[in-house]
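Over in Swiss-Prot, the protein carries these features:
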ACT_SITE  HIS115  active site, pros-phosphohistidine intermediate
BINDING   LYS9, PHE57, ARG85, THR91, ARG102, ASN112  ATP binding site
Amino acid sequence: MERTFVALKPDTVERKLVGRVIQRFEDRGFEIVEMRMLTLTMEMAEEYYGEHKGKEFYERLIKFMTSGRIVAMVIKGERAISTVRKMLGNTCPCDAEPGTIRGDFGLYTPANIIHASDSLESAEREIDLFFGR
């Protein structure tokens, strides 16, 4: 079984969509093995999104991700990383297919509901950052 990291962004919490998004993962047979709600500090957000430092959207992303509570999760299941990424849809909600999480709930970037690890290495790094392993 593979594990991946998923973060429900501040817009998901604010719009009371947490349960609906989690239900999608459970309906696909995934298991939520760890979960916590927190507000990112500036330092944690900068470490989390360090790969984007210097890009035009970086400051806006950091400001958004520290604007409210997020839900950090570890999800386990068969091919979790690739399947969860497909379930999310395109990063930009306007380009995401209906039936995907971003297509159904996303508003705009960065308020696109959710983040999920894109590789095994990213999943391990993000799980360690949020759950201390």
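Using N, Cα and C of the backbone, Cβ positions are placed for all residues, glycine too.
Worth saying up front: this structure is predicted, and the values here are computed from it rather than measured.
The structure, with features from Swiss-Prot marked on it.
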residue	record	Cβ contacts under 8 Å, 6 or more apart
LYS9	ATP binding site	PHE64, MET65, ILE70, PRO110, ALA111, ASN112, ILE113, ILE114, HIS115
PHE57	ATP binding site	THR109, PRO110
ARG85	ATP binding site	ALA116, ASP118
THR91	ATP binding site	ARG102, THR109, ASN112
ATP binding residues LYS9, PHE57, ARG85, THR91, ARG102, ASN112: largest Cα-Cα distance, in Å and rounded to whole number: 21
Mapped DSSP class for ARG102 (ATP binding site), helix or strand or coil: helix
All-chain count of other Cβ atoms within 10 Å of ASN112 (ATP binding site): 24
Cβ neighbours of HIS115 (active site, pros-phosphohistidine intermediate) where a neighbour is any other Cβ within 10 Å: 21
Cβ-Cβ neighbours of ARG102 (ATP binding site) (radius 10 Å): 22
